[in-house]
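Some notes on the structure that comes next.
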Amino acid sequence: TYDWGDRNVILSSFYWCNIVAQIIGGKLAAMFGTKLILSITIVINSVASLLLPLSAQYLGSTGVIICRLTQGLSVGLINTSSYHILGIWAPAPERSRILSMMYTGHVLSSIFTNVMTGYICSSRVGWPFTFYLSGCLGVVWILPWIMFASDSPAKHKTISVQEKMYIQALIGGWEEPQVIKLLFKCLLKLSVQSS
């Protein structure tokens with residue numbers, strides 16, 4: 001048990017980088033491909049989770065804050081990349097149902113994880129095991145993701161021709177929305193007008 005006076009900073013540090021990552025995550029996924037971004041961010045998140053108990057032991061609260069900042073950054077990129085890949089893979093008639101399942105899975109996994117981590121922390125194995133377990137699960141998840149995932153139906157190696165044509169017909173020509181460019185143009189225009 002650590003008696004740190006900066007527990008509020010530790011708890012909030014996850015969200016500092018998470019906010020920034022959510023702003024740029026979709027754009028990074030569009031530029032470099034969702035498969036690559038999700039692969040890198042899952043690995044980073046898993047490594048940070050595995051290192052967190054050791055960071056607490058050897059680096060104190062500063063080490064924990066660094067791990068939580070790293071996890072916040074990676075989870076922010078994971079969230080926005082997930083929505084990006086949904087826009088490329090989910091046909092319009094199925095998109096709302098898939099999005100609902102994705103969101104429900106996210107909420108249910110949070111509930112399940114909170115219950116399980118509470119149980120694990122109160123057991124003999126102790127709180128570090130929760131971070132080792134989540135880190136290992138991320139590493140296990142990344143292996144099939146790298147082997148089977150693809151950025152788009154057109155790039156997938158094992159998808160049937162009928163399914164590829166179905167998805168592409170209902171999605172149409174995917175083009176990256178120009179929202180970010182418009183946002184920056186508006187901000188630049190506002191800053192010029194105010195000065």
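Keep in mind that glycine also has a Cβ here, set from the backbone N, Cα and C atoms.
All annotation found in TrEMBL is predicted automatically rather than curated by experts.
What TrEMBL records for 1-195 is domain 'Major facilitator superfamily (MFS) profile'.
The transmembrane segment annotation in TrEMBL covers 36-56 (among others).
Counting same-chain residues at least six beyond the ends of the transmembrane segment (62-86), those with a Cβ under 8 angstroms from any Cβ of the stretch are 6, 9-10, 13-22, 24-26, 28-30, 34, 37-38, 41-42, 44-45, 48-49, 51-52, 54-56, 95, 98-99, 102, 151. Annotation source TrEMBL lists transmembrane segment at 62-86 (among others).
Under the heading transmembrane segment, TrEMBL lists 98-120 (among others).
Within the chain carrying the transmembrane segment (126-148), a Cβ under 8 angstroms from the stretch's Cβ atoms is held by residues 35, 38-39, 42-43, 45-50, 52-53, 113, 116-117, 120, 158, all 6 or more beyond its ends. Taken from TrEMBL, the feature transmembrane segment applies to 126-148 (among others).
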